[in-house]
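Per Swiss-Prot, the feature domain 'ADF-H 1' maps to 2-139; the stated evidence is sequence analysis. Annotation source Swiss-Prot lists domain 'ADF-H 2' at 177-313. Marked as N-acetylserine by Swiss-Prot: Ser2. Annotation comment: Swiss-Prot describes Ser143, Ser277 as phosphoserine, evidence class similarity to another entry. The annotation phosphotyrosine is assigned in Swiss-Prot to Tyr309. Residues or ranges marked as phosphothreonine in Swiss-Prot (evidence: similarity to another entry): Thr349. If you look up Swiss-Prot, you'll see 316-350 marked as region 'Disordered'.
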Amino acid sequence: MSHQTGIQASEDVKDIFARARNGKYRLLKISIENEKLVIGSCRKPSDSWDQDYDSFVLPLLEDKQPCYVLFRLDSQNAQGYEWIFIAWSPDHSHVRQKMLYAATRATLKKEFGGGHIKDEMFGTVKEDVSLHGYKKYLLSQSSPAPLTAAEEELRQIKINEVQTDVSVDAKHQTLQGVAFPISQEAFQALEKLNNRQLNYVQLEIDIKNEIIILANTINTELKDLPKRIPKDAARYHFFLYKHSHEGDYLESIVFIYSMPGYTCSIRERMLYSSCKSPLLEIVERQLQMDIIRKIEIDNGDELTADFLYEEVHPKQHAHKQSFAKPKGPSGKRGIRRIIRGPAETEATTE
């Protein structure tokens, strides 16, 4: 992200992005050079998107160099043509390069326009992002299939090394609990919140299908926040807390886990509790979301303005505690010793 790497698109790159969004180009390859986003290659359409795909995309992917690829589909949404965003990070590239491209990924998407991006893919080998790989990706979105042990291991390696691929596959066990997959819609909403395009995201667990899905993204002011907390079901909430502190205007993301006591089933309580830590790990690591405070509540009535302010800015002790003198050993003390000065010693000798 821009606040992490400082890498942004120049005006020339933004102009090319604008022409691409209008349909002039089928493909853009973007690289990072001298701490700037640069266009490495542009291709105009020559056939339908699926006929162009492999011949356009695969030759541009280098074995030891990460890059981004934006590939235009023939379909359109309300904002214009839809695009596939490919984050290419080959296994043999340097770790520093992988981390740099991972940290700049959100910036590029924001500069291009996230509303134009229909699908996102991440790949370490060309098969991952080939036309066949894209079709497998679409199939997995409609009906997720369990990963094999080898696929699961590879996915974990990608997450640990690159910190950019979000779990949208199948559930897996972690040391902290059960990591259910996050729906694409929920992930996109969290990304918009992180980019300050939304101020509230509520997630719920689809227990039957074992997936975390989007509940709502209603625009929410602080006074409305208690109304967003269900009284009969658990939820995860991400709230953009806008406030002033010591003269500074702040926008802080707060995570709220609401569990209305025993009105929920035991299974629901266990699942929400087990999925909480893995969800936060994905959001903080993969989206680089800075969550300033994590709160657990029973009902929305607790979410007053004073409560939230004190949670985000805990009161400091007015006085520093003085160092406590160590206590002597318990029980009887030994014989008291008197240390004489030199003058006293000489007088005694005489």
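Numbers here mean position along the shown chain, with the first residue as 1.
Backbone N, Cα and C define each Cβ position, glycine as well.
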Check your understanding: What is the number of residues in the domain 'ADF-H 1' (2-139) that are helix, strand and coil, as DSSP sees it?
Key -> 61 helix, 45 strand, 32 coil
Check your understanding: Hey, what's the Cβ neighbour count for Ser277 (phosphoserine) at 10 Å?
Key -> 16
Revision key, fill the gap. Ser277 (phosphoserine) and the residue listed as 'phosphotyrosine', compared by Cα position, are separated in whole Å by 23
Check your understanding: By a simple count, how many Cβ atoms lie within 10 Å of the Cβ of Tyr309 (phosphotyrosine), its own Cβ left out?
Key -> 15
Check your understanding: Mind checking how the domain 'ADF-H 2' (177-313) divides into helix, strand and coil residues in DSSP?
Key -> 53 helix, 45 strand, 39 coil
Review point. Could you give the mean pLDDT over the domain 'ADF-H 2' (177-313), rounded to a whole number?
Key: 91
